[in-house]
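Single-structure report; data block below.
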Amino acid sequence: MKLSVVLLCALVTIQAALLAAPSAEASGLKLGYYNKKCRGVENVVKGHIIRAIKKNPRVGPGLVRLVFHDCFVRGCDGSVLLDKSAQNPHPEKEAPANIGLAAFDILEMIKADIEKRCPGVVSCSDILVYAARDATKILSKGHINYDVPAGRLDGLVSSAYEAQAELPDSTFTAQQLIENFARKNFDVEELVILSGAHSIGMAHCSSFKGRLTAPADQITPAYRNLLNYKCGQSANPLVVNNVRDEDYNTVATFMPGFKSRVRKIRDLFDNSYYHNNLARIVSFNSDWVLMTHKEARGHVHEYADNATLWNDDFGESMIKLSKLSMPAGSKGGIRKKCSIVSHPLH
């Protein structure tokens, strides 16, 4: 009898908490959100990212991709960071669109450090947004520099089905891309701006297999041959997005005229994506199709001609991306570990 009363009271308490908890969407974001709550947290994140990229340069592009894949599904709530659990048996990580996502371990390391300093205060979703901002600045040699507001809550839900439905696919047509981005309130120009992130990073061959047989008016034959060679080396290998990051000998073999543009240090975050698109040396179909749409094509030319403009506009678009909120009525809190739902509701 006593046990039943205790359980009943507990259920009433939980129900009351759920009803009283404000929507995560209503949480106000602001610059310097943690100035008094967890002083110096942005510097802590920055320090970790500087060290991580110095140790493994691939971390930087991984974080830029990760924040997009988080925010485009259920808003910026850290849902992409959650592991499989009874509550989320098929999390976003399992979605085909999320193949190759990385840098989860870095975020867990940062979270553990911050928890020691300010337990239960800083959300994983804010850490990811800060980390991607810092990685962007580092990879662009300081040319892309923007501030992001904070105050996000970590979500409870993570669904591979939802991620697959919400994220843009590399096989999309221009119209499908435009409609996909419009659902998040991004226009054609912002679609083109954010696509510029493909100047860095890598992709599995399965993400651009249609390009391996695309006609010459869609992809430069020499580049197509290079991609076929790289994709034939093993089962679904990773290939760099930007041909200038390819190894010198491969470029010398398939694209000798491009040898002088090969970089010893990979992943310089700049407007080279737009030059590559104009030259038909981009790997994704979703990149090339921007050239089939009049307005999008105009912006590709615009950003190829003006690197400074793209730097500024990319920063503004990332700020807008970081403000995508969780679905109305969603609940959230602060996780102890970024991969596990372990927080009380707020």
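Each Cβ is built from the backbone N, Cα and C atoms, and glycine gets one as well.
If you look up TrEMBL, you'll see D70, V73, G75, D77, S79, E92 marked as Ca(2+) 1 binding site. D77 (Ca(2+) 1 binding site) has a Cβ environment of 30 other Cβ atoms inside 10 Å.
Around P168 (substrate binding site), the same-chain residues at least 6 positions away in sequence with a Cβ under 8 Å from its Cβ are F72, Q176, L177, N180, F181, S286. Residues annotated as substrate binding site in TrEMBL: P168.
The heme b binding site annotation in TrEMBL covers H198. Sequence-distant neighbours of H198 (heme b binding site): residues of the same chain at least 6 apart with a C-beta under 8 Å from its C-beta are N241, N242, Y273, V282, S283, F284, D287.
Sequence annotations record features per position, and here TrEMBL assigns disulfide bond to C38-C118 (among others).
Per TrEMBL, disulfide bond is recorded for C71-C76 (among others). Cβ neighbour count for C76 (disulfide bond): 30 (other Cβ atoms within 10 Å of its Cβ, all protein chains included).
For C124-C338 (among others), the entry in TrEMBL reads disulfide bond. Its Cβ taken as reference, C338 (disulfide bond) is surrounded by 24 other Cβ atoms within 10 Å in the chains shown.
Positions annotated as disulfide bond by TrEMBL: C205-C231 (among others).
Taken from TrEMBL, the feature domain 'Plant heme peroxidase family profile' covers 28-342.
Under the heading signal peptide, TrEMBL lists 1-26.
Look at TrEMBL and you will find R65 tagged as site 'Transition state stabilizer'. Neighbour density for R65 (site 'Transition state stabilizer'): within 10 A of its CB lie 22 other CB atoms from the protein chains shown.
Between the C-alpha atoms of R65 (site 'Transition state stabilizer') and S79 (Ca(2+) 1 binding site), the distance comes to 14 Å. Of all the binding-site residues in the record (D70, V73, G75), the one with the smallest CA separation from C338 (disulfide bond) is D70. With respect to D77 (Ca(2+) 1 binding site), the closest of these disulfide-bonded residues in Cα terms is C124, chosen from C124, C205, C231. Checked against E92 (Ca(2+) 1 binding site), the disulfide-bonded residues C38, C71, C118, C231 differ in C-alpha distance, with C71 being the nearest.
Compute the center of the Cβ atoms of D70, V73, G75, D77, S79, E92, which mark the site for Ca(2+) 1; besides them, the chain residues with Cβ within 8 Å of that center are H69, C71, F72, R74, C76, G78, V80, G155, S158, A163, M326.
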